[in-house]
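**Q** Handing you a structure now.
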Amino acid sequence: MTGQEKNKTVLERFLHALVFEVLAIGLSAPLAALLSGHSMTDMGVVTVVIAVMALIWNMVYNALFDRFLAATGKSKTLVLRIWHSIGFELGLLFMAIPFVMWRLNIGLWEALVLDIGLILFYLPYAYIYNLAYDTLRSRYWGRQPQEC
């Protein structure tokens with residue numbers, strides 16, 4: 001039998017976010033270059049910079065979300081996970097659009113369309129990644145030993 005769930009350390013939050021972003025860049029940069037017509041170099045730079053933004057935002061956003069869960073006693077249901085992903089992506093969107101416009105020398109509309117395309121990739125990716133992470137964490141390293 002397992003004990004209570006352990007609190008996440010800053011290191012665990014950082015590693016969670018880092019692995020998330022490394023996998024995402026490897027998948028999204030080539031796809032974005034192919035679909036947008038921009039070079040792989042440009043899309044690589046865009047996805048790496050957005051990943052750094054997302055890495056920092058991820059740690060802040062998830063720490064706040066975990067506090068919300070603890071304060072309300074809610075569990076991570078399907079609906080709550082969907083809202084969690086949407087909230088994260090909207091926050092990142094507002095940070096990324098100005099950079100994308102500058103780096104790719106494009107207007108607001110094109111940057112918004114490009115970013116929406118990335119969001120359409122990231123929403124299911126974030127859901128699947130976090131569900132897998134939470135499942136693995138619960139089974140292998142996220143529980144405190146039960147006291148006898």
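Glycine residues also receive a Cβ, built from the backbone N, Cα and C atoms like all the rest.
Summarising the annotation, TrEMBL assigns domain 'Chlorhexidine efflux transporter' to 8-69, 76-139. The feature transmembrane segment is assigned by TrEMBL to 14-37, 43-61, 82-102, 108-129.
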**Q** Across the domain 'Chlorhexidine efflux transporter' (8-69), what is the average pLDDT of the model, as a whole number?
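**A** Average per-residue pLDDT within the domain 'Chlorhexidine efflux transporter' (8-69): 92.
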**Q** Tally the residues of the domain 'Chlorhexidine efflux transporter' (76-139) by DSSP class, grouping H, G and I as helix, E and B as strand, and everything else as coil.
**A** 59 helix, 0 strand, 5 coil
**Q** In the domain 'Chlorhexidine efflux transporter' (8-69), how many residues does DSSP call helix, how many strand, and how many coil?
**A** 57 helix, 0 strand, 5 coil
